[in-house]
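Step one of this worksheet: look at the structure below.
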Amino acid sequence: MDQSVQERTRIKNERYESGVIPYAKMGYWDPDYAIKATDVLALFRVTPQPGVDPVEAAAAIAGESSTATWTVVWTDLLTACDLYRAKAYRVDPVPSSPDQYFAYIAYDIDLFEEGSIANLTASIIGNVFGFKAVKALRLEDMRIPVAYLKTFQGPATGVVVERERMNNFGRPLLGATVKPKLGLSGKNYGRVVYEGLKGGLDFLKDDENINSQPFMRWRERFLFCMEGVNRASASSGEVKGHYLNVTAATMEDMYERAEFSKEVGSIICMIDLVIGYTAIQSMAKWARKNDMILHLHRAGNSTYSRQKNHGMNFRVICKWMRMAGVDHIHAGTVVGKLEGDPLMIKGFYNTLLEPHLNINLPEGLFFEQNWASLRKVMPVASGGIHCGQMHQLIDYLGDDVVLQFGGGTIGHPDGIQAGATANRVALESMLLARNEGRDYVAQGPQILRDAAKTCGPLQTALDLWKDISFNYTSTDTADFVQTPTANV
């Protein structure tokens, strides 16, 4: 018998003899795999079903997120299947979490369409999350190779250009979300924008669910908001903005609203995460082409990012959104009302801002990541924060952040402008103390009290909110160190 025929017969007997072969034996498990610089790497937290071997579970994830199906198929012989099969190459037990494992998986770059978040996610978080062999599955982190990153636009504007456009350097930007988020008329909505900006804020913002409802249509909102922006800019001499939410039912509607926001002079527009990855990338390309800052509200993310054993970690969304091309994304506050472990939040901010990431297990960063000159994304901190926390916000979050005080501005007893002034004075006093070399974290409450002696709105705010905080145990915490929720 011809040798090539014998070889094919051997392959058939070993590889295709039975209809169902364990994934590990099909080539989806390779502990000796040599990782290539062009490989896409993913780390999954796996909870196998009782009786399922962790290695087989990892191999199954690799198979189902790349080329495999439930049975052997002959058409594998028509492809470079050894190349295209994802390889699970490492399985580690999760510290202090029995029955959970970290599975490291490598994917060849040719498995993914260039510049497409939708195609990347269709494999990585596709059918595999419903696979019966695993009780729960969570995507914890990814390494995106430089060769693949270079096929993405990255942030439309970026932190550096945004600061130049705002003529604002050396401090966090200040913002607020219009409240109540639903129900205001266009004229009253615009008045909120004007009062907040005149009081000292840099930005006002639409909330995630204000689009074009019967009580206020989008065009009316845009016109009244920009009237407020222009009047506040003229009176203050500062560059001001308002995030005009262009989220809509179709891409045609979103483009129409975005074009109108540009026509009326806005420097920034806004979209929601729920519009989907393709729509986000489309709007990012529009924003780059039209020289607009693009703000992304992460509406909906906690439906799949909050639980620790299933879904995906928000740091992965941060990476995808930096690739997709947004300029802002809400990334947590540590001290506010929303989920936020200090180390996890630090990892999110570093993912958005740093040009290069090293492995940092306490912050949940499992891979080294070179961002290949993609611009930085400005993190946004919002949700339950107020001026009495200013020293902690600066300490935790740094200068490259937008601090969004919604209720902490509009809930001020003396009015919106007074609330904005309280936040601006609190920020300026803390930065002055820091620049003077004082321990602004330890002395923060006293610094605020001293500043309030000459600022009535700040004193009123401190009296009202005092040291109110939201001290609940975070559901998403580090696996490698103990990180109690910030007690602030």
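Quick reminder: no glycine exception, Cβ is built from N, Cα and C everywhere.
Annotated in Swiss-Prot:
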{"type": "ACT_SITE", "residues": "Lys179", "note": "active site, proton acceptor"}
{"type": "ACT_SITE", "residues": "His297", "note": "active site, proton acceptor"}
{"type": "BINDING", "residues": "Asn127, Thr177, Lys181, Arg298, His330, Ser382", "note": "substrate binding site"}
{"type": "BINDING", "residues": "Lys205, Asp207, Glu208", "note": "Mg(2+) binding site"}
{"type": "MOD_RES", "residues": "Lys205", "note": "N6-carboxylysine"}
{"type": "SITE", "residues": "Lys337", "note": "site 'Transition state stabilizer'"}
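If you take the C-beta of Thr177 (substrate binding site) and look for same-chain residues 6 or more apart in sequence within under 8 angstroms, you find Leu204, Lys205, Asp206, Asp207, Ser382, Gln404, Gly406. With the fewest other C-beta atoms within 10 Å around its C-beta, Asn127 stands out among the binding-site residues Asn127, Ser382.
Rounded to a whole number, the distance between the Cα atoms of Glu208 (Mg(2+) binding site) and His330 (substrate binding site) is 11 Å. Taking the centre of the Cβ atoms of Lys205, Asp207, Glu208 as the Mg(2+) site, the nearby residues of that chain (Cβ within 8 Å, site residues left out) are Thr177, Val178, Lys181, Asp206, Asn209, Ile210, Tyr243, Asn245, Met270, His297. Looking at Glu208 (Mg(2+) binding site) and Lys181 (substrate binding site), their Cα atoms lie 8 Å from each other. Long-range Cβ neighbours of His297 (active site, proton acceptor) (same chain, at least 6 residues apart, Cβ-Cβ under 8 Å): Asp207, Glu208, Asn245, Met270, Ile271, Asp272, Leu273, His330. Across the annotated binding residues for substrate (Asn127, Thr177, Lys181, Arg298, His330, Ser382), the two most widely spaced Cα atoms sit 37 Å apart. Note on the binding-site residues Lys181, Lys205, Arg298, His330: the fewest other CB atoms within 10 A surround the CB of Lys181.
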